[in-house]
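According to Swiss-Prot:
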type     : residues                                               : note
ACT_SITE : Glu342                                                 : active site, proton acceptor
ACT_SITE : His343                                                 : active site, proton acceptor
BINDING  : Tyr136, Gln200, Asn228                                 : NAD(+) binding site
BINDING  : Thr251, Gln273, His276, His343, Asp376, Glu430, His435 : substrate binding site
BINDING  : Gln273, His276, Asp376, His435                         : Zn(2+) binding site
Amino acid sequence: MNMMAKFQMSRIDLRNRVLSAAQLRSALPRGGVDVDAVVPKVRPIVDAVAQRGAQAALEYGESFDGIRPETVRVPRELLSQALENLDADVRAALQVSIDRARAVHADQRRTDTTTTLAPGATVTERWVPVERVGLYVPGGNAVYPSSVVMNVVPAQTAGVDSMVIASPPQGQFGGRPHPTILAAAALLGVDEVWAVGGAQAVALLAYGGTDTDGAELAPVDMITGPGNIYVTAAKRICRSQVGIDAEAGPTEIAILADHTADPVHVAADLISQAEHDEMAASVLVTDSETLAEATDRELANQLATTKHVERVTAALSGKQSAIVLVDDIDAGVRTVNAYAAEHLEIQTVDAPGVAGRIRSAGAIFVGAWSPVSLGDYCAGSNHVLPTAGCARHSSGLSVQTFLRGIHVVEYDEAALKDVSGHVITLSKAEDLPAHGEAVRRRFER
């Protein structure tokens with residue numbers, strides 16, 4: 001591993017430069033994926049599944065991966081069996097993750113509110129859960145039982161009555177999803193799992209169909225969960241049919257650090273997210289050139305013993321990753337706010353104070369003892385977060401994702417009469433006189 005001794009992340013030097021937020025976004029590294037480019041390839045898949053249901057989904061799965069399960073829906077007994085066979089330590093860790101996530105998400109549940117505007121005039125905002133949700137759990141480079149937890153817990157807490165998990169079938173497991181995925185579903189009390197992945201899974205969730213044994217595969221009202229570029233494209237296409245959480249891109253970490261940060265921690269955290277994907281983004285923003293150099297040396301040391309060294313090295317060397325040098329922490333705050341990272345670590349003097357100045361991040365991890373890996377598994381927070389700068393306008397998955405606010409308007413005769421003149425005036429101003437007539441005629445005798 002001598003070549004790793006010379007490993008160095010690319011540098012972006014923003015010192016002595018005064019840049020606007022838009023200029024910062026242009027200067028900062030960002031890879032991402034071109035979803036538009038694959039939409040034409042994915043649309044025929046979605047159309048075929050919309051027309052032919054499970055048959056088309058199974059055909060596409062077989063052509064792409066060489067795997068065709070006997071049925072789309074995994075028999076319930078296999079879920080129970082997977083839980084029974086789950087490693088005891090993994091089960092205990094999953095239970096801790098579930099318990100902590102439930103505690104955090106329970107505090108997110110909104111309550112109905114009623115506003116009384118005048119005697120006999122009320123508007124109530126009633127929060128109602130989505131009725132049926134499809135939760136996508138990817139396959140690929142890793143197994144993600146944690147994604148089962150992060151999708152299911154907020155949906156259950158919101159009160160969603162019906163949910164289905166879709167996850168790619170695995171050849172080594174008889175055309176079923178990975179047993180750890182099945183076990184996590186069983187541990188959470190979810191008994192409907194579909195062995196289908198990719199764009200065809202999203203389409204089948206959106207449009208439903210009939211399984212090979214004649215059982216109904218009911219469509220959902222909303223689809224959540226991350227996936228590859230084809231899954232993202234399918235979600236974009238299907239969003240006129242169902243709701244979606246977001247168009248998730250490759251994972252990303254930004255670390256805002258000063259001279260007090262430990263380069264061992266910084267390097268380990270950059271590597272931890274680079275482990276996901278060759279397109280993963282790892283960005284260090286610092287006012288300390290000494291820390292930047294020490295982090296490079298520590299990256300070389302740790303890469304020598306990293307299991308997925310090729311994948312990690314590709315991610316750290318990609319155009320989406322860099323060490324960004326800034327004049328001071330104030331400039332660093334402006335920089336990370338412009339970047340709007342999925343995960344942002346603060347490793348500085350007065351980390352809580354600095355964190356309080358952050359306005360754009362999917363999740364903020366404060367201090368040396370709050371690594372992103374904690375949030376991935378057992379912090380209690382949700383790890384399904386906005387990527388590609390979307391944290392400037394969007395939030396991570398939460399109980400609110402699965403709730404709909406419905407306004408319930410109730411006026412009595414006197415309350416309507418009191419405001420009727422204003423309604424009629426505004427309807428005339430908008431040249432929609434029938435609106436006013438609908439009120440006026442109620443008071444004709």
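From the backbone N, Cα and C atoms, a Cβ is placed for every residue, glycine too.
Locations of recorded Swiss-Prot features on the structure.
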residue: Tyr136; record: NAD(+) binding site; CB count, 10 Å: 29
residue: Gln200; record: NAD(+) binding site; CB count, 10 Å: 28
residue: Asn228; record: NAD(+) binding site; CB count, 10 Å: 19
residue: Gln273; record: substrate binding site; CB count, 10 Å: 28
residue: His276; record: substrate binding site; CB count, 10 Å: 22
residue: Glu342; record: active site, proton acceptor; CB count, 10 Å: 29
residue: His343; record: active site, proton acceptor; CB count, 10 Å: 27
residue: Asp376; record: substrate binding site; CB count, 10 Å: 20
residue: Glu430; record: substrate binding site; CB count, 10 Å: 10
residue: His435; record: substrate binding site; CB count, 10 Å: 15
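Between Glu430 (substrate binding site) and Glu342 (active site, proton acceptor), the C-alpha separation comes to 43 Å.
Between the CA atoms of His435 (substrate binding site) and Tyr136 (NAD(+) binding site) there is a gap of 44 Å, rounded to the nearest whole number.
One way to see the shell of the NAD(+) site is to take the Cβ centroid of Tyr136, Gln200, Asn228; the remaining same-chain residues with a Cβ within 8 Å of it are Pro138, Ala166, Pro168, Gly197, Gly198, Ala199, Ala201, Val202, Gly227, Tyr230, Val231, Ala234. Its Cβ placed at the centre, Thr251 (substrate binding site) has 24 other Cβ atoms within 10 Å. According to DSSP, His343 (active site, proton acceptor) sits within a strand segment. Put simply, of the recorded positions Tyr136, Gln200, Asn228, His343, the one whose Cα is nearest the Cα of Thr251 (substrate binding site) is His343. Of the candidate recorded positions, Tyr136, Gln200, His343, the one lying closest to Asp376 (substrate binding site) when CA atoms are compared is His343.
When the alpha carbons of Gln200 (NAD(+) binding site) and Gln273 (substrate binding site) are compared, the span between them is 28 angstrom.
When the Cα positions of Thr251, Gln273, His276, His343, Asp376, Glu430, His435 are compared pair by pair, the longest gap among these substrate-binding residues is 56 Å. For Glu342 (active site, proton acceptor), the nearest neighbour among the binding-site residues Tyr136, Gln273, His276, judged by Cα separation, is Gln273.
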